Amino acid sequence: MSELILAIDQGTTSSRAILFDRQGGIRGMAQQEFPQIFPADGWVEHNPEDLIQSTRAVCHGALDAAGVDAARIAAVGITNQRETTLVWDRLTGKPIYNAIVWQDRRTAEYCRRLKQQGHEAMVRRKTGLLLDPYFSATKLRWILRNQPDASQAAAAGGLCFGTVDTWLLWHLSKGRRHATDATNASRTLLYDIHQGAWDDELLSLFEIPRGILPEVCDSAADFGTCDFLGREIPIFAIAGDQQAATIGQACFKPGMVKSTYGTGCFMVLNTGDKVVESQHRLLGTVAYQLDGRRTYALEGSIFVAGAAIQWLRDALKVIDTAAASEAPASALSDNHGVYFVPAFTGLGAPYWNPDARGAVLGLTRDAGADHLVRAALEAVCYQTRDLTDAMAGDGIHARELRVDGGMVANSWMCQFLADTLDMTVKRPHVRETTALGVAFLCGLKLGWYQSLDEIAALWGEERAFEAGMAGEQRQRNYAGWRKAVARVNQIMD
Ligand SMILES: Nc1ncnc2c1ncn2[C@@H]1O[C@H](COP(=O)(O)OP(=O)(O)O)[C@@H](O)[C@H]1O
Ligand SMILES: O=P(O)(O)OC[C@H](O)CO
């Protein structure tokens, strides 16, 4: 009997595959890291082949881990790091350049020029996004302009563009399907989220020929079949990872909000059938599209969260493992006035400063590695507060936050987050909510679940963290952060 769903979660630093049962229980899992390529300051790339190879490997690995064969899989779903941009030859399937990763800042100058020329209002109105190198369009334009003959080949229909979902679908599906879903399309800067269509004015602004674009489908849809596991299995769902996590956290009602703490941190608030036009530089985006109907979200994107912990581990070597960050942070009675602004790749929401770079402030002679570790964890919480304050400025006051991602294993961080936000922070039983979300989408398409309410009933809380810090202390901590960020933004002016 085919009673499992295989969820592929292709992330920024690793690929994962997880087998879920109908109740959302994990039955097997495999993960593989792949190399990050940093060719120049602010540039981040992936080898496109690594994305495919690691994905194939973890799919086999998940089956092995569960001790089951492919006959048990009812459907495959794909969720992915978003915005990361690939271009390949339509005939051979060979990439013409590495994948340019969402964190890459190489198009910062071009974005600045477009802003100066007054294009941002139109871009924002149609896409819900901003003119920032984060999104796909300027990366795609860079590839077309910088690879020999690419612009001509694209104009002649010889090239395909895709985000990572589309790249994987092309290579994993029989018949090389060139498609994406509305959540991924909504991150490209080329897609009108109100109309649900690629937009000619945007295509002309970024000099992108329409023929290079994939077909845009619902998030739960028939994306064809794959047979690389030895049997033909339908691919029934695609969603960008943060949107998939929103589904995995069952944030289906307007006002419900989740934050995922992995490499970066992404807060997504369900806004129902309305696109909220933020006055505080948050993003309007598609949360999911089902049966042709779009549900929208307001998103705050923080570029560096767990990546700061990785940096302390790998570059400074002050901790052996990411998990080892919890003990020193909790052992200190306070932060000693030390603030770490981890702006390695600029600052995202609500600052949107691609030129900002990281800084540690407030060091005294008695500060040590432990203070740095604590400051890195605190920074993630303060950046989240920046987002909830921005949402409050837009008139949205969330009462509780559902959290997930690798970092939330750190209970000290979850408690400090609740204290900093003055909000209840809820950690679910299943922390692999990104993969779970795309498994839920597959389940909808399979008819396992008749409604989103049925899925919401499967969500369960493992632990709730209640705010306990005195208000004065909370304000003092956060005021220190605001000063530190202001200094980083100023230094770069
Ligand atoms: N106990 C922990 N405390 C703090 N950070 C952690 C902990 N465990 C993992 N991390 C961080 O979480 C990130 C991994 O989370 P994950 O959700 O797998 O990320 P991604 O999907 O972006 O690759 C890493 O950056 C790691 O440093
Ligand atoms: O790979 P992750 O989990 O860090 O997610 C990356 C985001 O999708 C970027 O927008």
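Cβ coordinates are placed from backbone N, Cα and C, and glycine is handled just like the others.
In TrEMBL, annotation is done automatically, which means it is predicted and not curated.
Among the candidates Y134, Y191, Y288, the residue that TrEMBL names alongside T12, R82, E83, D241 for the sn-glycerol 3-phosphate site is Y134. Ligand 2 lies within reach of R82, E83, D241 from the binding-site residues R82, E83, D241, Q310, judged by a C-beta closer than 6 angstroms to any of its atoms. Neighbour counts of Cβ atoms within 10 Å were compared for the binding-site residues T12, S14, T263, Q310, N410, and the top value is held by T263.
Counting only same-chain residues six or more apart in sequence, the Cβ atoms lying under 8 angstroms from the Cβ of E83 (sn-glycerol 3-phosphate binding site) belong to W102, Y134, F135, S136, K139, T163, R187, T188. Filtering R16, R82, G406 by Cβ distance to ligand 1 (under 6 A) retains the following binding-site residues: G406. The Cα atom of R16 (ADP binding site) lies nearest to that of D241, taking the binding-site residues R82, D241, T263, G306 as the candidates. Of all residue pairs in T12, R16, T263, G306, G406, N410, the annotated binders of ADP, the farthest apart have Cα atoms separated by 21 Å.
Taking the C-alpha positions, the distance from T13 (ATP binding site) to R82 (sn-glycerol 3-phosphate binding site) comes to 13 Å.
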